[in-house]
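Since the structure comes first, as structure tokens, the remarks are kept for the end.
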């Protein structure tokens, strides 16, 4: 027989195509959850990945044999300085039935304008035009589907990043009605927003970001294909597939070498174990490897997360949570031993 068997399992997931480099370092969500809250709330935030450590906490799972006892949990540290609210955008349906921007209102940038001009060149805010745009939004409030905030990070507050150019992204407003969302967004214009205003300890969230890049890789590393034996009859190589199929076009499910990593991915239902401003509680001796010391508010997220160190990650309200409400974790110990090895 010329084949090993009648069929073989496909390699890779078609849901992750195309396996190409992400177009942006900080991707914005394609969708947001519907939040049934009486008051408006911002449905996302931005944090920077610091590194990993471990903690001890009380097990809250009643079905676990360790219920009520201390357990070892690996955590990821995300540094989350306040984000600056630049503008408020109103979205509505256009003639083609698609959501588009109906209007936007910019806030006063003040001293923060010198950082924004690094990202948006030639930005000028006309106060008269601002009042006119606000009146247009208020008059067409019934046609507004949702509001989004245009926010900017403040990397100059994080010495470890070594950059001042901010990352700009949109964050949707949820909860309340359209009028309440408009009032909520106008109050935030020109002000900063803390991570405590968005998330709470014990809450679930989704992390959207770009994975660590590995460049151009072969089928062995990219798809986990078994390496062929290295004997005299396999003279055309071992780190490759045995056959790519018929000559008239290769099937799409056949493993091929190409780009590996630096893909846009979403991790669902990551739990926040702790939100704190006490940097002495988390900074290890000698600082985090290839990062340094944490200087701002930070999150401890259960388990590992996507992305490399210093990479911005978008933190979104969970779009499909497995639990409506979880208790606040009881953290008893945080490891601050040196990570230098």
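Positions of Cβ are set from backbone N, Cα and C atoms, glycine also.
As recorded in Swiss-Prot, the features of this protein are as follows:
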- 1-31: region 'Disordered' (REGION)
- 234-261: region 'Disordered' (REGION)
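If you look at the region 'Disordered' (1-31), the same-chain residues 6 or more away from its ends with a CB under 8 A from one of its CBs are 44, 46, 167, 169-170, 172, 206, 208-210, 213, 219, 223-225, 252-255, 258-260, 262-264, 311-314, 316, 319.
Summarised by DSSP class, the composition of the region 'Disordered' (234-261) is 0 helix, 2 strand, 26 coil.
Residue counts for the region 'Disordered' (1-31) under DSSP, helix first, then strand, then coil, are 3 helix, 0 strand, 28 coil.
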